[in-house]
Amino acid sequence: MKNKSRREFLKLVGVTGAGLLTGAATASGSEGLHVNNEEIGMLYDATKCVGCKACMAACKRVNGDYGSLSYEKAKFDPDGLWDAPTDLSGSTRTLIKLFKESESRWSYVKYSCMHCQKPSCVSVCPVSAMTKDKVSGVVDYNKNTCIGCRYCQVACAFNIPKFQWEKSIPQIVKCDLCKNTNLREKGISACAEVCPVGAIKFGKRKDLLQEAKTRLRENPDKYIAHVYGEHEAGGTNHLYLASMPFNKLGLPDIKPQAPAEFSEKIQHTIYKGFIAPVALYSTLCFIAVKNMKKHDKTDDHDKRKHDGEER
Amino acid sequence: MGHNDEYQKLEGKIFTKSFFILLFVVLVGFFFVGVRYVKGIGAVSNMSDGYPWGIWITYDVATGTAIACGGYAVAILVYIRNRMQYHPLIRSAILTSMFGYGLAGFSVMVDLGRPWNAYNFFIPSKWQANSAMFEVALCVMAYSTVLIIEFLPAILTTIETTKWERIHKIGEWLHPRIAPDAQNMANRLEWVKVGAAWLKPRLNKVLIFFIVLGITLPTMHQSSLGSLLLIASTKLHPLWHTGFLPLLFLINCVFIGYAIAILESIISCYSFKRPFEVEELAGLAGLIPWVTVIWLSVVVGDLVNRGQMGAALKLDFYSGFFLTEFLLVGIGSTILFSRKNRRSPRWLFVSAAMIVLGGALYRFNVYLIGFNPGKGWRYFPSFAEIMITVGIVALEILGYKVFVKIFPVLPNAAKHGGPNRHDGKTAPIAAGSMEFGK
């Protein structure tokens with residue numbers, strides 16, 4: 001073992017070297033994400049929201065039957081008169097919650113898909129069941145393609161896609177901005193349409209962003225000086241204004257770089273043009289075939305002798 | 001004559017006591033699989049929208065395929081590093097890999113919410129090359145096929161030489177009328193035998209290209225198993241979330257592969273009462289520290305680089321799991337640095353077990369323990385979930401035990417492992433240790 005070890009070690013280094021290179025190459029430069037402000041989205045102003053939950057009801061009414069997503073009734077109410085979800089789920093795409101710090105300091109908050117500029121769920125879906133519309137920017141889900149791997153749930157930094165755990169034929173559920181229902185019929189998402197106090201503004205991202213900044217400028221005391229979603233995770237089309245720190249409202253602190261950018265950069269470096277795998281395969285073939293021949297030669301002598309004995 | 005004497009079937013009854021115990025465990029597992037398909041995943045598992053991946057993905061797929069990397073690791077050693085003296089180990093390693101990967105694929109089908117849509121993997125317009133999972137899925141499917149091809153020589157050998165007595169007996173036991181007329185059957189079986197004899201030399205000629213494919217594919221998908229978690233930058237604890245995840249997973253599966261080959265050999269020699277293959281194992285064990293040293297230094301270097309050494313030594317929940325994983329691999333490898341320990345079945349067993357545990361814990365840490373989706377989410381596998389996984393593992397062991405008795409898989413004890421063997425410098429097992437390429 002010892003006398004041959006240097007050559008063998010070099011060979012080992014060669015093989016692992018291919019792997020090392022792929023890992024090391026990840027440090028290469030970043031191209032940065034181009035934000036498309038023409039996409040549509042919503043601006044939710046938590047200071048205006050009165051917590052009436054009309055948006056939730058509208059969402060369920062409009063989307064209830066679409067895509068076989070029949071909304072569930074609460075377990076304690078067999079007549080289906082009362083549906084009071086406590087969280088987003090396989091039957092709830094949007095939800096109003098209340099955060100109460102003290103008697104005088106509280107805020108409502110609305111949860112739904114953030115419609116990221118660079119959505120993680122789209123990036124990770126192995127079969128293109130999650131897609132982002134090139135024009136509207138709506139992140140949509142197709143149950144007819146989905147294999148139910150739930151990688152989108154693992155990937156989403158906002159924990160938005162939900163799965164129907166209790167069904168034998170389950171699907172992923174998330175807001176699609178009423179893409180196939182209210183948006184198609186009336187040009188506006190159902191939640192924004194019914195909001196009685198204008199807490200949800202629907203429109204193009206650039207207009208929403210401008211509006212948000214105007215509100216911040218005009219009422220600096222009322223708001224936290226930050227538009228949530230402007231830069232988070234590479235920018236989202238669902239923007240937030242609030243009077244309380246966003247992480248208290250259940251909106252996670254997320255860096256401006258889209259998680260999908262980071263992972264795709266590494267994945268692309270490894271598999272660019274399929275060069276590395278093909279190179280690896282051919283190199284290994286070369287080594288293995290050479291080894292076989294070498295081995296054959298040394299082996300042949302033995303073999304002949306052995307065969308001779310047989311006869 | 002030829003190479004067949006390098007491997008041998010294990011003589012013995014198939015339907016032993018342990019066979020039925022394992023079968024019982026398998027059936028319990030499959031009962032819960034049935035429940036899962038009727039009542040939904042939520043009915044049997046504790047997975048949730050916060051923890052959408054439980055132990056089925058973490059153990060059966062991410063860890064199970066690493067443990068099944070024995071075939072991969074031994075193939076690198078034999079064909080790339082040209083250490084043909086390890087050739088006797090390869091069939092049992094490939095057999096374990098075959099079961100490991102096949103059953104990982106099976107448990108994916110249990111885990112998938114909409115498995116009937118899985119055909120989309122074969123439709124180019126649905127391909128999504130950005131997804132690490134797409135890459136993993138295709139590679140694993142391809143590799144499972146390659147493993148079956150790699151194992152074919154053993155099956156063909158058996159077909160060529162068998163007398164089909166068992167099949168006859170089963171037929172008769174079922175019903176005398178089902179059992180076909182003996183002469184008729186013999187004719188047909190003769191045809192199968194001729195086919196097998198025709199196929200074998202041809203397969204042997206091209207087998208090397210499949211074997212190399214069997215080295216390339218795991219290199220790809222094992223690193224991609226690490227890539228899967230790259231996207232969870234806000235959920236995975238910084239101790240484990242790094243751009244080096246693909247590389248760490250790749251190295252990790254190599255040392256787990258060698259360690260499991262050692263464990264498997266020791267355990268099967270012990271339980272089948274065969275002589276320990278100390279020569280091969282000592283050499284194999286000498287490789288492990290080389291690989292683990294690379295892994296450990298990438299881990300430490302990366303932590304220092306990202307300024308996370310403090311988190312590693314904080315001695316909180318996460319640091320505890322990190323240190324356990326790190327020390328298991330580190331101490332296990334340190335044991336193997338000693339030449340004397342490498343020749344002792346006892347120490348080989350202890351260190352290989354530590355390395356497998358540590359390496360597997362690393363994957364658990366990345367997929368489950370270090371994964372925190374936010375406040376309020378909690379996950380611990382349910383009884384049914386565990387039983388499904390245990391059932392699948394039992395099926396693996398069961399399959400292995402049956403296969404080694406039907407097909408020539410284990411090294412021929414008469415040819416090597418005998419009392420008169422001298423140390424590691426022995427020539428490769430002489431006549432016809434080569435399988436193909438002639």
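Glycine is treated like the rest: Cβ placed from N, Cα and C.
Together with A:C59, A:C175, A:C178, the [4Fe-4S] cluster 2 site in TrEMBL holds one more listed residue from A:C49, A:C52, A:C191, which is A:C191. When TrEMBL records A:C49, A:C52, A:C55 as binding [4Fe-4S] cluster 1, the matching candidate from A:C195, A:C285 it lists for that site is A:C195. Comparing the Cα of A:C113 ([4Fe-4S] cluster 3 binding site) with the Cα of every entry in A:C49, A:C59, A:C175, A:C178, these being the binding-site residues, the smallest distance points to A:C175. Annotation note: A:C178 ([4Fe-4S] cluster 2 binding site) sits in a coil segment as assigned by DSSP. Secondary structure from DSSP puts A:C116 ([4Fe-4S] cluster 3 binding site) in a beta strand.
Contact with chain B, taken as any Cβ pair under 8 Å, is found for the binding-site residues A:C149 out of A:C49, A:C149, A:C175.
Counting in whole angstrom, A:C191 ([4Fe-4S] cluster 2 binding site) lies 29 from A:C149 ([4Fe-4S] cluster 4 binding site) by their C-alpha atoms. Over the domain '4Fe-4S ferredoxin-type' (A:40-59), the average per-residue pLDDT in this prediction is 94. Look at A:C152 ([4Fe-4S] cluster 4 binding site): DSSP puts it in a helix. Here the CA atom of A:C175 ([4Fe-4S] cluster 2 binding site) lies 12 Å from the CA atom of A:C116 ([4Fe-4S] cluster 3 binding site).
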